[in-house]
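Visitor: Under the heading region 'Disordered', TrEMBL lists 1-22. The compositional bias 'Polar residues' feature in TrEMBL is assigned to 8-20. The transmembrane segment annotation in TrEMBL covers 30-49, 61-82, 103-131, 176-197, 204-221, 294-312, 324-345, 386-412, 418-440, 479-500, 534-553, 587-608 (among others).
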Amino acid sequence: MTADIESAPSSTITKDTSQPARERWSSRPAFYFAAIGSAVGFGNVWRFPSLVYEYGGAAFFVPYILATLLVGLPVLVLEISLGQYYETGDVDVFGGIHRRLRGVGLSSIVCGLMLVTYYSMLIAWVLHAFFDTFSESSLWHEDPGTITTDQAMEYFNDSILGMSTVGEDMLPTRLVWANVGYSFMTWTIVFLCIAWGIQTTGRITYFTLGFPVLMLFIFLGRSVTLEGADYGIEKYLKADFGTLVDHPEVWPKAVSQTFFSLSLTFGIMTAYGSHCKRDEPAFVNSCVIAVSNFMYEFIAGFAVFATLGHLAQYQNVDISKLDISGFGLVFSSWPVILGMLPAGIHWIRLLFFMLFTLGIDSAFSFNEGFLIVLCDTALFKNVAKWKISAMITVMSFLFSLIYATDAGYYFFDLMDHYINFVMILVGAFECFSAGWIYNFEEQIDALGAPIVFTNMTATFGSVTLACILWFSLDNDSAVWAGFLAFFLFYGIGMAFTVYLMKKKIREESLGSWALRSMVYDLLFRNMMDLREDLSGVVGPLPIVWAVLVKFFIPPVLLVLFAMGCDAENADGTKVFGHYANLPTAPYQILGILTVVFALFLLFSSFVAPKLYEVFTKVDSPVPQKANPNTTLVMSPATVHSDDGTGIDDAVFRATSHEGVWPPQAAFGRA
């Protein structure tokens, strides 16, 4: 593929103002507050501390920090950068990479919508618990200092969740109408937060993030002064590194916590990035978000374990005897501890209100991902944003009613487990799309399909074969057999790839320099082209980022997906399809269908891309390539740009030609 550059025309070109300028964040801090508010949620104050305790205390920091640096941060940079570059949501971002990849973006949007339906019910339960503290019939209306954690958990299950009517079959029998009402309240608030544009949303997050941060430091200051706090903090910081070897499931859990915590693979960060100015430093912004998120988690761990240490000493038990799981921590242990303080009922109310503000900005960010995708299409371009917001929130509210039944917790727990599989799949396909498919046609033009597909088969076929051996053999040789199969398959595949390249050199009478250049084009050129294209708009991106996105993250996530499928329950049955020993119908079927549906979206868009062309952005700043033999010809011109992006416009035209080798990528890159 070659690129010709025309001379600039003599006349001045004025920016087309027929389309309204894209709405931008009111300031960079507004973007930070929105993105960090989305990242910082319930998982920071209950899931992270419970994982730390379950997996060796501070030893869990090792897989978690590695997962953040090697997987989470690169994917965050990728999503924000692509959002800024294409100025749209996930669906047409990946459609911009290749028209057959819109299913990758759509699966991420659907992943976010599936998650927010149960996440919103969690917020509704928090609201229910908050308002219940004002009721005379509430457990907390008694002397909170005399309540035990068992009483608090029983009260939460029976009075808040309404689980007392669920039979031994674990099937739902009724709607808990109080939770329906609180769910409606939650979705009404979500609607009001997203209906009036991104600038309004950004201003709201000043409170919805600022208040939880303020309350965290207040809780931290109070908790570390409690008797026994030092015992809890010691448990938090004590490291048992043997746990990392004895419990290999800690690694996929660390990655899933990273994805949850940074709001990745849901279309959120892509959507938020699309409203940044196009020349915002995406890598710097991503680092600020990741570091801020980790610091909130780390500090929250001190507050949680300090209060747990106080409770353990008060009850004269080890911390291991306390319920540190998500629900147990937030709805029993933590409220009981706060109830022991002077004016304990008010501390409990502050806790629930903090949790509400902590969760609400995450909830409306999930809907932003889908909202922005719809608003950018021709079908909804001229529809008022509040109308689209109303449609999304009403639809989501109706889907969330399954969690408002008396068996709502079982559905919640099930979906929270299976959504991990969807996240890992989406993350793998996002990085595969960016690292392997970007400029894919140019690569085939240059090298030929046999060379390209042999390399791809060698890479992913070796990983797949290794996973089959690792997780199907039940003897001690499974690990060594898997690694041996991996290296043999990959070695043979790459040897055949080199043979094909040498054959091409002989047939086309190319010089000795050609092999080295072809190897570079095969392994590195498409991801370096992506890095160069993005860096020209969103600022410098490290080379190591591009290497991680292509070579490290996709195979690692595939291995983690296989590891999750191979995990077993205590009775030896596979967790996938038998999670928590819940009945097959409707629970396991519903969970498996979420994974199958995500795969359907991925592969259906690849086979029939026209099905999803409705999601095409109507005024993309990035010109689309018509076909593999198209040259994009750029005519630079003097342009009046009033959109504040700092990026001048240009005029493009397309001409068709035959592919040549060595290739030259679009816009004059050598």
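Backbone N, Cα and C atoms are what each Cβ position is placed from, and that goes for glycine too.
Because TrEMBL annotations are produced automatically, they should be read as predictions rather than curated entries.
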Visitor: Considering only Cβ pairs under 8 Å, which range in 30-49, 103-131, 418-440, 587-608 makes the most contacts with the transmembrane segment (324-345)?
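Guide: The stretch with the most contacts is 30-49.
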Visitor: Counting only pairs 6 or more apart in sequence, are there at least 3 Cβ pairs under 8 Å between the transmembrane segment (61-82) and the transmembrane segment (418-440)?
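Guide: Stretch pair touches.
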Visitor: Which sequence-distant residues neighbour the transmembrane segment (294-312)? Criterion: at least 6 residues beyond either end, Cβ under 8 Å.
Guide: 40, 44-46, 48-49, 52-53, 65, 68, 149, 213, 216-217, 219-220, 223-224, 226-236, 261, 318-319, 321-322, 324, 329, 333-334, 336-338, 340
Visitor: Any chance you could find the range in 30-49, 103-131, 176-197 with the most Cβ pairs under 8 Å to the transmembrane segment (204-221)?
Guide: 30-49
Visitor: Counting only residues 6+ away from its ends, which parts of the chain sit with a Cβ under 8 Å from the transmembrane segment (386-412)?
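Guide: Same-chain contacts beyond the flanks: 113, 116-118, 120-122, 124, 157, 161-166, 170-176, 179-180, 183-184, 187-188, 190-191, 194-196, 327, 367, 370-371, 374-375, 380, 580, 582, 587, 590.
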Visitor: How about the transmembrane segment (103-131) and the transmembrane segment (534-553): do they have 3 or more C-beta pairs under 8 A, pairs 6 or more apart in sequence?
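Guide: With fewer than 3 qualifying Cβ pairs, these stretches do not touch.
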Visitor: With the transmembrane segment (587-608) as the reference, which stretch in 176-197, 418-440, 534-553 has the largest tally of C-beta pairs below 8 Å?
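Guide: Top-ranked stretch among 176-197, 418-440, 534-553: 418-440.
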Visitor: Residues sitting near the transmembrane segment (176-197): Cβ under 8 Å, six or more positions beyond its termini, same chain?
Guide: 23, 120-121, 123-125, 127-128, 131, 160-162, 204, 360-361, 363-364, 367-368, 371, 385-386, 389-390, 393-394, 396-397, 400-401, 403-406, 408
